[in-house]
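The following block contains the structure, expressed as C-alpha cells.
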Amino acid sequence: MVDLLLGLQWGDEGKGKIVDVLTKDYDIIARFQGGPNAGHTLEFDGIKHVLHTIPSGIFHKNAINIVGNGVVIDPVIFKKELDNLDKFNIDIVSKLFISRKAHLILPTHRLLDAASEAAKGKAKIGSTLKGIGPTYMDKTGRNGMRVGDLEFDNWKEKYRALANKHEAMIGFYDVDIQYDLEELEAEFYEGVATLKNLRFIDSEEYIFSAQDKGEKILAEGAQGSLLDIDFGTYPYVTSSNTTAAGACTGLGVAPNKIGRVLGIFKAYTTRVGSGPFPTELFDEDGETMGRVGNEFGATTGRPRRCGWLDLVALKYTVKINGVTELMMMKADVLSGFKSIKVCTAYTYKGEEITHLPYNVESEYVTPIYKEMKGWAKDLTKLTKAEELPSTLNDYIEFLEEQLNVPIKIVSVGPDRLQTIHR
Ligand code: IMP
C-alpha cells in the first residue's frame with residue numbers, strides 16, 4: 001500500500017516537517033508533482049533546512065527517496081540543493097532515484113514564466129517564477145524534455161530545438177525580459193552533468209516491486225489542494241494536480257493501492273501569491289499570525305497572507321482527497337488570541353451556503369464565522385495530548401466533528417520534537 005501526505009490549503013501547511021517525523025515508518029518517500037516552486041522546511045538538532053525538489057526523507061538513514069514522473073526538475077536548482085546537502089554526508093547516490101519520465105525545466109521555461117507574468121500585469125498569478133507552468137504546458141503539449149532523454153547522445157539537439165522555440169515565444173510577449181542565454185545555458189549544462197551522476201529509474205516499476213516486497217511507501221505532495229489545477233481557485237493555482245489523484249498519475253500508483261491519506265492543515269489559513277482568499281484578515285489579528293507564525297514563503301521569501309481557518313474549503317479538500325486522518329499544524333501560533341474564529345459557511349449571492357462555490361472572490365462570498373474561546377498557554381514545550389489547554393481541545397473536537405475525520409497530530413513548533421500525537 002502507498003500512503004499519501006497532502007496539503008489541504010494553499011500550500012505551506014508544514015508537509016516537510018510531517019514527512020520528516022513519519023519517515024522512520026517508511027521504506028520509500030516519493031514526490032509525485034510540482035517542482036522547485038515547493039519549499040519543504042525541516043528542523044532537527046538545531047538545524048533548519050529547506051528542500052525544493054528532493055523528498056523530505058533524505059535525512060533518514062534507511063529511506064529511499066524517489067522523484068516521480070509527475071515532478072518537474074530544474075537541474076540548476078537541483079544541483080544547488082545537492083550542494084547544500086554536502087555538509088550532511090548523505091550517500092545521495094544510493095538514496096535518491098529520479099524517474100526517467102520526469103520533465104525538465106529549461107532556462108527558457110523560467111524566462112517564459114517571467115514573460116507571461118509580466119504580460120498579465122495586475123492579473124498576474126503571483127507565480128514563484130520557477131518555470132513550472134511553461135514546463136507542464138510543454139508536457140501536456142507533448143513537446144517536453146524528460147530526464148530519460150539525457151541518456152541519449154542527441155539530448156543537446158533536442159534541448160536546442162526547444163530552447164529556440166521558447167525564444168521565439170518570448171518574442172511574442174510585449175514585455176522587456178533581459179537575459180543572457182549563454183550564461184543560463186552554462187549553468188543548465190552543469191546542472192545536467194550533476195543530475196546524470198544520479199540513478200535514473202522507471203519509478204513506477206520500482207514502486208511496483210517495492211509493493212510486491214511489502215515495503216512501506218509514502219507519497220509526498222507539494223503545494224496544497226486549493227492550488228490544484230482542476231479543483232483549486234483557478235486560474236490562481238499551480239499547474240499540477242496537487243490532490244490525491246496526482247499521486248496516481250505522478251507515480252503510477254493504482255487507486256486501489258492507496259492506503260492512508262494524511263491531510264495536513266494549519267490551525268489558521270495562509271496563502272502566497274494572488275487569488276481569492278475568503279477568510280483573509282487585513283487587521284491586527286492577521287498581522288499577529290504572520291509575525292508569530294513567521295509567515296514568509298520558503299522559496300521566494302514573500303510575506304504570506306493570513307486569515308482564519310476556512311472549514312468550507314477544508315471540508316471540500318478533505319472530500320476531494322479522501323482524507324483518512326488529519327494533522328493540525330502551528331497550533332502554537334494561535335496562543336494568546338482571546339477568541340478564535342472558524343468560517344463554517346459563506347453568504348453567497350444573499351444565501352447561506354456550506355459548499356465551495358465556483359466563485360470565491362470577495363465580491364461573491366462573505367464568510368460566516370463561529371467564534372470560540374482562545375487559549376493563553378504557550379504550547380511549544382508540550383509533548384503530551386493531556387497537556388493541551390481545554391479550549392484548544394474544544395477547537396480540535398469541533399473541527400473533528402465538522403470534518404468527520406480524526407486529528408491525529410497537533411504540531412506545536414517547527415522542530416521534529418514539537419509534535420503531539422493523539
Ligand atoms: P507556480 O506554481 O510557481 O506557477 O505558482 C502558482 C501559484 O502557486 C502562486 O500563487 C504561488 O505562490 C503558489 N505556489 C506555488 N508553489 C507553492 C508552494 O509550495 N507553497 C505555497 N504556494 C505555492
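Yeah, the Cβs are placed from backbone N, Cα and C, and that goes for glycine too.
Annotations per TrEMBL:
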ACT_SITE  Asp12  active site, proton acceptor
ACT_SITE  His40  active site, proton donor
ACT_SITE  Lys139  active site
BINDING   11-17, 39-41, Arg304, 330-332, 411-413  GTP binding site
BINDING   Asp12, Glu13, Gly14, Lys15, Asn37, Ala38, Gly39, His40, Thr128, Arg142, Gln223, Thr238, Arg302  IMP binding site
BINDING   Ala298, Thr299, Thr300, Gly301, Arg302, Pro303, Arg304  substrate binding site
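Tell me what's around each of these sites.
For the recorded site, Asp12 (active site, proton acceptor), the DSSP three-state label reads coil.
Residues within less than 8 Å, Cβ to Cβ, of His40 (active site, proton donor) and separated from it by at least 6 positions along the same chain comprise Lys15, Gly16, Val19, Val50, Leu51, His52, Ser56, Glu220, Ala222, Ala298. Annotation note: His40 (active site, proton donor) sits in a strand segment as assigned by DSSP.
The local packing around Lys139 (active site), expressed as other Cβ atoms within 10 Å of its Cβ over all shown chains, amounts to 21.
In the three-state DSSP scheme, Arg304 (substrate binding site) falls into the coil class. Cβ neighbours of Arg304 (substrate binding site) (same chain, under 8 Å, six or more residues apart in sequence): Asp12, Thr270, Arg271, Val272, Gly290, Glu295, Phe296, Gly297.
In the three-state DSSP scheme, Thr128 (IMP binding site) is classed as coil. Within the same chain, residues at least six positions away from Thr128 (IMP binding site) with a Cβ under 8 Å of its Cβ are Pro36, Asn37, Gly273, Gly297, Thr299, Thr300.
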Which of Gly11, Gly14, Gly39, Pro303 (the binding-site residues) has the most other Cβ atoms within 10 Å?
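Sorting the candidates by Cβ neighbours within 10 Å, the top entry is Gly11.
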Quick one: of the recorded positions Gly14, Thr41, Lys139, Gln223, Ala298, flag those whose CB is under 6 Å from ligand 1, and say none if nothing qualifies.
Gln223
Since the record lists Ala298, Ala331, Val412 as binding-site residues, which of them has the fewest other Cβ atoms within 10 Å of its Cβ?
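Ala298, out of the binding-site residues Ala298, Ala331, Val412, has the fewest neighbouring Cβ atoms within 10 Å.
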Can you tell me how far the Cα of Gly39 (IMP binding site) sits from the Cα of Gly11 (GTP binding site), in Å?
9
